[in-house]
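Inspection log for the structure reproduced underneath, given as C-alpha cells.
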Amino acid sequence: MNKQRLLIIAAGGVLGLLAVILVKMGNPANMGYCIACFLRDTTGGLGLHRAAPVQYIRPEIIGLVLGAFIASQATREFRAVGGSSSFTRFTLGFFAMMGMLVFLGCPVRAVLRLAGGDLNAGVGLAGLVAGVAVGVWFLKSGFTLGRAVPQPKSNGYLFSAFMAVLFILLLAKPAFLFFSEQGPGSMHAPVWIALVAGLAVGALAQRSRLCMVGGIRDFIILRDGHLLYGFITIFVVALAGNLAVGAFNIGFTGQPVAHTDGLWNFLGMALAGWAAVLLGGCPLRQLVAAAEGNTDCAVTIIGLMAGAAVSHNFGLAASPDGVPLAGQIAVILGLLVVFAIGMVNRPAVVTGGVSFGKGS
Amino acid sequence: MLALEREVDARGLLCPEPVLLTKRVLDNMNTGTVRVLVSNAAARENVSRLAENKGWRVDVSNQGDDILLTLTK
C-alpha cells in the first residue's frame with residue numbers, strides 16, 4: 001500500500017475514532033466531529049446569531065485549522081493565494097451552510113450519524129451524492145471560478161491568526177461571548193482534549209487531502225476511489241467504536257439532533273454537495289485550504305458562518321421537530337442560486353446572441 | 001513519426017480543475033509528452049495519480065514556487 005493511501009486511511013481512522021471519543025467525553029451524540037455544526041456553534045458563541053442552544057466556540061475547529069497550518073509550514077506547502085471569485089465563493093458557502101443546517105450536519109457528520117445507526121443520514125448521503133453528481137456535470141462542461149494568484153504571505157496567515165484569537169477568547173471567556181447553558185452547545189468535551197483532537201485531524205487532513213465531497217466527485221469523474229478510502233474508514237471505525245461503547249441505535253426515529261423529513265434531508269445535502277463541488281471541496285477541506293494560505297477558502301468559511309448566522313437568526317435551520325417552511329424556501333432559493341452561479345461561470349455560455357461568463 | 005507535445009497551465013486552479021484539464025489532454029493522446037504546471041502539492045498528487053493510472057510516466061521538478069509535471073508515454 002502506498003504512502004498516500006496509508007495517509008488517507010490514517011486520517012479517516014483517527015477522525016472516526018476521535019469522533020466516538022469526543023462524544024464519550026461530552027460532545028452531543030453523533031456529533032463528535034461536525035464542521036457545519038461547530039462553525040454554527042462558534043458563530044453563535046461570537047453572538048452573530050442568538051439561538052441560545054447552539055452557542056460555543058468549538059476548539060475542534062480551532063485545532064483543525066492550526067494543525068493544518070502547522071503541517072503546511074512543516075512541509076513548506078503553505079502558499080498565500082487568492083483572488084479567485086471570492087464573493088462567489090462566499091455566496092456558495094452561505095447557501096451550502098443553509099443546506100447543511102436543514103439536514104443538521106456536514107458530510108462528515110452525515111457519515112458519523114450513519115455510523116451511529118441514524119438512517120436519516122443515509123437519505124442525506126443520497127442527496128449529497130446527487131448534488132455532487134449535478135456539480136460534476138458543471139465541472140465537465142467547463143465550470144471554473146478562475147485562478148488564484150500569489151499574495152503577500154501576511155494575507156495567508158490571517159485566517160489561522162483569527163483561529164488563535166478565538167482560542168484565547170475561549171479561554172478568557174469575556175462577557176461579550178455567548179455560551180449555551182442547555183442544548184447541543186452546552187455539550188462539549190474538555191477544551192484541551194477537543195483542541196488536541198482538532199490538531200491531530202487538521203494535520204492528518206492536510207497531509208492526506210481528506211475531502212468527503214472530493215471522494216464522491218473523483219469516483220464519479222475518474223472512477224478514482226482514493227479519497228473514498230478516507231470516507232469509508234471514518235464510517236467503519238466510527239461504527240466499530242459506537243458498537244463497542246453501546247452508542248449504536250439503528251432506525252429513523254428518535255435519533256440525536258436529527259429529524260425524519262426525508263425530502264428535506266435529501267435536498268439540504270444535495271444543495272451542500274452541489275455547492276461544495278463548485279467550491280472545490282467540502283467544508284473540512286475548505287478549512288484546511290484556508291489554513292494553507294488560500295484566502296478564497298477563508299472567505300468561503302466566512303460565508304459558511306454568515307449562512308449559519310442567517311439560518312438561526314431568521315428561523316431557517318431545522319431542529320429535531322423538522323424543517324420550518326422558511327428553511328424549505330431557503331433550500332429551494334439556494335438551489336436556484338447555485339444553478340445560476342454554475343451557469344454563468346461556464347466558458348462562453350451563449351444565450352440569445354449574448355455571450356456571458358468568463359469566455360474561453 | 002511526429003512526437004506530440006502538449007502543455008497545461010493549471011497554476012492557481014483549485015481541485016479538481018488541474019486534473020480535469022490534464023485528463024482532457026491525455027484522453028486525446030496515445031503517446032507523447034505533456035507538461036503540466038501546477039501551484040500546489042494537492043494538484044501535484046492528483047495529476048500524478050491520474051497520469052500513472054493511465055500508464056504515463058511522471059517526472060516532477062520544482063519551477064520556483066510552482067511544480068512542473070512531465071508526463072511521458
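From the backbone N, Cα and C atoms, a Cβ is placed for every residue, glycine too.
Just so you know, TrEMBL annotations are computer predictions that nobody has curated.
Fair warning: this is a prediction, and the values are worked out from it, not measured in the lab.
Annotation source TrEMBL lists transmembrane segment at A:6-23, A:92-112, A:124-145, A:157-179, A:185-205, A:226-251, A:263-285, A:297-319, A:325-344.
Within the same chain, the transmembrane segment (A:92-112) packs against the transmembrane segment (A:297-319): three or more Cβ pairs sit under 8 Å, each pair at least 6 residues apart. The list of residues near the transmembrane segment (A:263-285) in space but at least 6 beyond its ends in sequence, with Cβ under 8 angstroms from a Cβ of it, reads 35-36, 39, 64, 89, 92-93, 95-103, 106-108, 110, 120-121, 123-132, 134-136, 138-139, 143, 145, 205, 209-214, 216-217, 300-301, 304, 318, 322-323, 327-328, 331-332, 334-335, 338, 341-342, 345. Proximity of distant same-chain residues to the transmembrane segment (A:325-344), defined by a Cβ-Cβ separation under 8 Å and at least 6 residues beyond the stretch ends, is recorded for 88, 91-92, 95-96, 98-99, 101-102, 135, 138, 143, 264, 267-268, 270-271, 274-275, 278, 311, 314-318, 356-357.
Two recorded stretches are said to be in contact when at least 3 C-beta pairs lie under 8 angstroms, sequence spacing 6 or more; the transmembrane segment (A:157-179) and the transmembrane segment (A:185-205) meet this definition.
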